[in-house]
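Structure record follows, encoded as structure tokens.
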Amino acid sequence: MTEGEGTTEERPRLKEYEGEGITVTFEPRRCLHAAECVHGLPEVFDLSRRPWVLPGAAEPARVAEVVRRCPSGALQYHHRPEDAVPEPPDSPTTIRRTPAGQLVVRGDLVVAGPYGDRHETRVMLCGCGASGNQPYCDHSGPCAEPDDEDVPEAR
Ligand code: SF4
Ligand code: FES
């Protein structure tokens, strides 16, 4: 699990959804509504349902493949609890700046933040300084979008 590998006691708020052979975690503050999840596997990710994630509704490999499309890293998965970094990171690492100023990074990452150093494979970092969830973008700045009220989890 990629949660809180640093030395601080505080931990990011994660929701956990268990399925047969795979557990999906969701960090609401990092969700930026790219909707890759709901478009990629609507039987698993359904905003009109509670819980909105049902990992057992598809093959674990397929669930993992769609989770890896989540650009913000809000969605992560592990096949076994002892998997520290279950997801194979992209190589080489890539960094892309969006027109709104976010930094989209994929690779074998260690991100320093309020929870200590976290191993990550996908992040969207704040490029404007306005985010209240640094170093991650939280749509507080010029990157804000009309659907920002529709954050899953609440979902
Ligand atoms: S969980 Fe990830 S893929 Fe799904 S809507 Fe949020 S940012 Fe997009
Ligand atoms: S780039 Fe989105 S809050 Fe800063």
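Going from the start of the chain as shown, residues are counted 1 onward.
Using N, Cα and C of the backbone, Cβ positions are placed for all residues, glycine too.
What TrEMBL says about a protein is an automatic prediction, not a curated fact.
Range with TrEMBL annotation region 'Disordered', chosen from 3-26, 75-98, is 75-98. Sorting each residue of the domain 'Divergent 4Fe-4S mono-cluster' (17-79) by its DSSP state yields 19 helix, 14 strand, 30 coil.
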